[in-house]
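J.: Would you mind keeping the following structure in view while I ask a few things?
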Amino acid sequence: MISAWTAADVRAAEEPLLAAGEPLMERASFALAVQVLADLRARRRHVRGARVALLVGAGNNGGDTLHAGAVLARRGVAVTAVLTSDRVHAGGLVALRGAGGTVVDLAATPERTGAVADDAAGADVVLDGLLGIGARGALRGLAGDLVSALVSRCAVGVKSAGSERSEPADFTPTAPGGGRERERGPWVVAVDLPSGIGVDDGTLPGPVLAADRTVTFGAAKPGLLLPPAARVVGAVTVVDIGLDPAGPPAVRRLEPADVGAYWPVPGPADHKYTRGVVGLVAGTATYPGAAVLAASAAVRTGTGMVRYRGSDPVARAVLAARPEVVTATGRVQSWVVGPGIPTTRDRDDPADDGQHDRGRGGLAVAAGNLPGTSYGPVPAVVDAGGLPLLAESNPPWFVLTPHAGELAGLLRSRGEDVHRDDVEAAPLHWARRAHELTGATVLLKGGVTLVVGPDGAWAQADAPGWLATAGAGDVLAGILGTMLAARSEEIVAGPALAAEVAAGAVLVHGLAAERANPGGPVAALDVAAAVPATVAGLLEQRR
Ligand SMILES: NC(=O)C1=CN([C@@H]2O[C@H](COP(=O)(O)OP(=O)(O)OC[C@H]3O[C@@H](n4cnc5c(N)ncnc54)[C@H](OP(=O)(O)O)[C@@H]3O)[C@@H](O)[C@H]2O)[C@@H](O)CC1
Ligand SMILES: Nc1ncnc2c1ncn2[C@@H]1O[C@H](COP(=O)(O)OP(=O)(O)O)[C@@H](O)[C@H]1O
Ligand SMILES: [K+]
């Protein structure tokens, strides 16, 4: 698992170590220099004679960068530091000069910004040391001008991860299948984090130089995991400088081994009912495919049984694809409500096929609102057309699975003035708001999928962009339904678990998409078909 702590938590963890005289900046800058040397060796035969440009801000982030530059200069690298402020880390500047580095004081000659950017764009490596955890808002002043000039020269796109994954502390925060979008221009290494991202919320409030690698100190920061900033961090290396942040992490990300470790494996005493039964209210005559996809995914993920609820023609389509599905009513351990049913609340909608009533019934059972039956409460997945069926207040074992547009609609129905673009710009904020307003766990789908529950946030980046295809969300609903059903009682007793299981479902979904056709397009049903082998692969890791 990768855990990220806020800037305040990292500062609090640094304080006692600094008071005890621990050389944190030396550790950080040396590790940074070692990583840059390794990157240089991987990209060109000789380190000696390589050109490295340092972008240096006013604070300690600039200090780290200058000290790392001094180490590089002593190895024969031609290092030029560009100072963007009249304040600069004095010790770092002395070290760089002492090692033979060159200094350009852009603060004294701002008219040279264009020429300096041209120069930096021609370097082998650029170290972005403008802002670290002291960043507030969009990059301002000269630092902002310099980054804007560099972005236009380097044709910086939103980046995908590098391929290195050698150290346990490394992670590749964006999905597989991507490559370096910037074919020309320098290799960009962000110092602690790409300057200008929202450190704690992952927003992109202004210009940011997309990194090929981020070397981050002490612990990952939330902005490195969260969308949209997760797209500009490249491969992330966490350097251990001896910090031990207190309290729970602000954002977490599951890795495959985490999901394999808790996957329930049936034993000799199990039967289909102990494994968990999924009740599925999905699909209408207009969208029968959603029911087929969700049912297929639930079956493929290893449910004990799927009970399908819907009109006869749709049930026939489901059974034609998955003869394992039953249509008889009975007890279920999780409900999946909403894929392929209309998003209006209108009971008389002819396209509704009676699914709204079935969905409301399922959700009432799942919430435990039907006294006199022994059928609830149980977890529920509420997707697409299920979202307008929610009550005012919902239990946290309900997992809502909107994409950005659906989340905006849900929030508007609860009085917020918000649109899809707002959700995409600040996904953590709006997913948290939806959790507060509904009470439910919120899974916000996207290239990086967020899950917010009572116990914090999870950010998963396991899926290739190819997964953005019609029906992929229905498949996720089925996978999640099975995973919730398998741990139904545990989740109702401790609903913070719903978010972790939901993050696990997102991981399985993303890995299955990659497995379905590595590096190429996938169809939603093929993603469902790849789930059994994906789960077997996760289980193999725990042997
Ligand atoms: N503590 C330690 O020993 C260790 C710390 N470490 C390193 O220190 C980093 C944190 O250093 P830091 O606290 O000095 O903050 P930092 O991010 O460099 O920037 C502050 C400066 O930026 C300015 N500024 C702010 N926002 C801005 C904006 N939008 N646009 C433009 N300018 C803006 C702000 O100006 P002000 O707002 O005060 O006018 C202030 O001058 C951390 O990320 C890690 O790299 C490691 O070495 C490990 C040991
Ligand atoms: N750029 C992307 N990279 C990876 N996965 C993505 C990307 N865009 C969307 N996805 C995933 O694809 C799925 C699409 O779901 P959804 O929008 O509900 O589609 P549908 O309603 O057609 O099933 C979600 O799981 C989402 O996280
Ligand atoms: K930085």
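Note: Cβ is positioned from N, Cα and C throughout, glycine not excepted.
Annotations in TrEMBL come from automatic prediction, not curation.
Worth saying up front: this structure is predicted, and the values here are computed from it rather than measured.
What TrEMBL records for 5-249 is domain 'YjeF N-terminal'. The (6S)-NADPHX binding site feature in TrEMBL is assigned to 60-64, 132-138, D192, A290, G340, H403, D474. Per TrEMBL, K(+) binding site is recorded for N61, D128, S195. Feature annotation from TrEMBL assigns region 'Disordered' to 162-183, 337-361. According to TrEMBL, the domain 'YjeF C-terminal' annotation covers 255-538. The compositional bias 'Basic and acidic residues' annotation in TrEMBL covers 344-360. Summarising the annotation, TrEMBL assigns AMP binding site to K445, G446, G447, V448, T449, G473.
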J.: At the Cα level, what's the spacing in Å between S195 (K(+) binding site) and H403 ((6S)-NADPHX binding site), rounded?
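T.: That separation, Cα to Cα, works out to 28 Å.
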J.: Could you check which of the binding-site residues (N60, N61, I133, H403) sits closest to G473 (AMP binding site), going Cα to Cα?
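T.: That would be H403, the closest of N60, N61, I133, H403 to G473 (AMP binding site).
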J.: How many other Cβ atoms sit within 10 Å of the Cβ of N61 (K(+) binding site)?
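T.: The answer is 27 other Cβ atoms.
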J.: So which one is it: of the binding-site residues R136, H403, K445, which has the fewest other Cβ atoms within 10 Å?
T.: R136
J.: By a simple count, how many Cβ atoms lie within 10 Å of the Cβ of G446 (AMP binding site), its own Cβ left out?
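T.: The Cβ of G446 (AMP binding site) has 17 Cβ neighbours within 10 Å.
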J.: Taking DSSP as the reference, which of helix, strand or coil describes V448 (AMP binding site)?
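T.: Where V448 (AMP binding site) sits, the three-state DSSP reduction gives coil.
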J.: Out of the binding-site residues D128, K445, G446, T449, give me the one sitting nearest to R136 ((6S)-NADPHX binding site) by CA distance.
T.: D128
J.: Can you check what DSSP calls G473 (AMP binding site), collapsed to helix, strand or coil?
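T.: Looking at the DSSP assignment, G473 (AMP binding site) belongs to a helix.
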J.: Do you see any of the binding-site residues I133, H403, K445, G446, G447, V448 whose C-alpha is within 10 Å of N61 (K(+) binding site), and which ones?
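T.: Near N61 (K(+) binding site) by Cα: I133.
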